[in-house]
Each structure stands twice: as structure tokens, then as C-alpha cells.
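As written in TrEMBL, here are the features:
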type	residues	note
MOD_RES	36	N6-(pyridoxal phosphate)lysine
ACT_SITE	36	active site, proton acceptor
BINDING	134, 314	substrate binding site
DOMAIN	245-372	domain 'Alanine racemase C-terminal'
ACT_SITE	266	active site, proton acceptor
Ligand SMILES: *Cc1c(COP(=O)(O)O)cnc(C)c1O
């Protein structure tokens, strides 16, 4: 690579665009592309632009800070956010024309006060908890929550633009929680209807449900992981044509000989059983390479799979070159799209006992990001 970059994340924006349009065509409903957490490590602003260009009607983020960054960068489309905290400053969000999510009457009261202060109605979506037991109004609170939302709408404090919920087990299509949650969601929708609410969009599905559970698509789907080309339900055969967007690469910083019996890295957790060569890769746990991947991860060096040896360090990891001596500066792909011998984020997740979401979202640190593709 040029410019002396130590290690970099290369994001293919054409892959993002392809995935957004493929999933939009597959689901046939409005696409809410989830770009929280810096677009799962891919970089929020370029991903947001690519998703909009590919037809995403909505973007979604978790926090109002993410809202501010998107609006400051010039995004003017529909934008949903869902994780506010007590005493959140809603004035900016109301002026920024964002669709807020409320979980409780107390939150609606805060939004009402801000709308009065700003002198303009907010847009509010209502989240009902159907069994994830995370955010959203618990079933026992649905009636007062929905009634408060209706009253605020009649008082001009907001327009209720959506009702939604979130699955716990969508990556396991046969899990009974899916049917139970969807039945509960339908109950909430019926109650909202009785109360006189007429939301613009009703939505329940994340990536896995959007792909695997057509009856859960309603008016829109909230798709995060699949946008990035990663499989939200590894091991479930669905054949969706997704393209992996992220490649993480570096250059070998050093190649040297090890003798049989030489031990490697902190704690000497690996000892060379025979003479070999070892390569130094300048990325470590500060870049999001999990320590849990010590002696377990594999990377490719010049297209050839190589095992990580010894403990992952803060700034670097060591790979076994098996006696070969590729030149320093040779390309190391930590993970990327399947094919070409490369390890994938899914391979890394399995090696580390985690999920592909965590691998891509945590990768970064001092790495630079570079974008390829027509929309970059
Ligand atoms: C993160 C998130 C999503 C996206 O989930 P994926 O599995 O990445 O598609 C959707 N909805 C909510 C509420 C989320 O927090």
C-alpha cells in the first residue's frame, strides 16, 4: 500500500449499494438502513451516502449524536433514532427533523416539553417490547403509553409516524419466540388502532427477519448487518446475494527466522516445534484484533493462509510463515470477502467465540479507512 499506512480498512461502497438494492428488491418494503456505531465499523457518512444512492428511504442510528453528525454532513432524508436517555436534549433533534423513538410516557413527556419549547411538532415512533425485554414499553404499559401518544398527537405535540418492535431470535427462524413476538406485535398494532393511532410505518424485522421471515416485513425493514454483506444467520441457508464490503489489510512489517523451541509473544503461549519463519503484522488489539484470537486466528499473506501464533499484542500480531520468506511489505489480509483464501469476519468470529457483528464493529483503532466503488 502507498503512503506508509500501517493497516487499513478498505470499504467497497459498490457492495453496500448492491446489498441495499438487493434487499430492497427482496423485501418489497421501505428500507431503513441501520448505520449506527459508525456503520458497524465501515464509516457512517460514506455508507449513509451509498445507502441513500441505492434507494434507502430511511437511515437509522442509535443516538442523537449520530443524528447530529449525519445532518451536519448534509443528509436530509428520513432518519430514525431509538436510544435516548433521561434529560436528553431533544430541541436539536426536533429541529433536525428526525423521527424520535419513545419507550415510555416519561419520555413522551420530555419530548412534549421540547416540542413546546421549539414551537414545532416532533415526529415520534413508539417502541413496544414484544419479548426482547430490552427497550420499549412493556406489555402492561402499552395502553397508557399509546393513549399518551394519541393525546399528544391531538394536542399538536407530535405526529406518531411509526410503531415498532425488535426480535430476539430472528437468526434462528424456527425459534418459537419469533411467532410469539410477532403475535404480540399484532396485538400492539390492534390496540394502537383502537386508540386511533395511524402510524405511517409499522416495522419489526432486522436483517435476519427481513431475509428469513417475509411475514414480518410490514411496511419497512431495519437492516444493519446484511447491508455490509455479512450473514445475519450463519448456517441458515437462504442464498441471498450479499457482497462483503469490508477488507482489512496491512503489510508485513518484519520477517524473521525462528529456531525449534523459540517461544513467541507475551506469556510464551506458542513455541515453534521446528524451524520456521514468522511475520510481524502491525495491527493488534488496539485496532480491534481480539486477544481471544491468540493462537486461533488466521490471515492471508500474499494470498496464502497463515496462522496467528502467540498472544495478540496491543499493536501487532505474529503469523507463522512456515519457512517461507515473503518480502517485508507483502500484503496481509486480516479478513475480507470470501474467496482467494481469505479469512472472513465470520471465520474470525468463530475463532474468537463471538459474532461477526462484533468483529467488524470493533475493528479500527489507528487503522485508516479507504473507500472504493463508484459512490466513493
Ligand atoms: C442494531 C439494530 C438493528 C439492526 O440489526 P441487524 O441485525 O444488524 O440487521 C435493527 N433494529 C434495532 C432496534 C437495532 O438496535
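Cβ coordinates come from backbone N, Cα and C, glycine included.
Features as recorded by TrEMBL, highlighted on the structure.
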residue : record                         : DSSP class
36      : N6-(pyridoxal phosphate)lysine : helix
134     : substrate binding site         : coil
266     : active site, proton acceptor   : helix
314     : substrate binding site         : coil
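In this structure the alpha carbons, written CA, of residue 36 (N6-(pyridoxal phosphate)lysine) and residue 134 (substrate binding site) are 17 Å apart. In this structure, the C-alpha atom of residue 314 (substrate binding site) lies 11 angstrom from that of residue 266 (active site, proton acceptor). When pLDDT values are averaged over the domain 'Alanine racemase C-terminal' (245-372), the model yields 98. Across the structure, residue 134 (substrate binding site) and residue 266 (active site, proton acceptor) are spaced 39 Å apart at their Cα atoms. Long-range neighbours of residue 266 (active site, proton acceptor) (same chain, six or more residues apart, CB within less than 8 Å of its CB): 310, 311, 313. Under DSSP, residues within the domain 'Alanine racemase C-terminal' (245-372) fall into helix, strand and coil as 24 helix, 45 strand, 59 coil. In the structure shown, across all protein chains, 36 is the one of the recorded positions 36, 134 with the greatest number of other Cβ atoms within 10 Å. A sphere of 10 angstroms centred on the C-beta of residue 314 (substrate binding site) encloses 12 other C-beta atoms.
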